[in-house]
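**Student:** Please read through the structure below; I'll follow up with questions.
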């Protein structure tokens, strides 16, 4: 739903990654029934978990509200065009003034944890890509993609979220924490990366 100038507008449908992913999964399953199912091994299980994680990540961060054409036109008229919402948070230090509150702590921890699995999965599946520079780039670009998508969807009134610099910084740091966990555990378990040097082409 969207509130513009004290008027509430209700969508006829909300598209989410879980809904879209269900159709994709059904299509993949039907394709496998006509060809052959992939082998059940550690790497394929890990890949499946990685794809499931990406779907969950998208589910948490992206949704698209669909309105009837006349409702959407009424929204645009009420908002006097696009960009009604101030959807960019430019003050990254503001949150830390209230860091003692449960809400701020929950947000910070959630942002840090969100991309930890991303770099862990990438490092485990493609160890030849597991460098600090690559993990920093992957974490930053993933968070930037999420925040930019939220900004554009909010500008078009398809959802209501902020482009938050705090999220961008904390997500990126979380991705680096995931890589740090991989590096530490790899020193303790040298064969951790599933022989990915040999299989990184797949």
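Using N, Cα and C of the backbone, Cβ positions are placed for all residues, glycine too.
These numbers come from a predicted model, not from an experiment.
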**Student:** If you look at how TrEMBL annotates this chain, which of 2-19, 20-37 comes out as transmembrane segment?
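**Tutor:** Range annotated as transmembrane segment by TrEMBL: 20-37.
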**Student:** To what whole number does the mean pLDDT across the domain 'VanZ-like' (50-185) round?
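**Tutor:** The predicted confidence over the domain 'VanZ-like' (50-185), as a mean pLDDT, is 85.
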**Student:** Please tell me whether the transmembrane segment (170-189) and the transmembrane segment (103-126) touch - that is, whether there are at least 3 C-beta pairs under 8 Å between them, with each pair 6 or more apart in sequence.
**Tutor:** yes
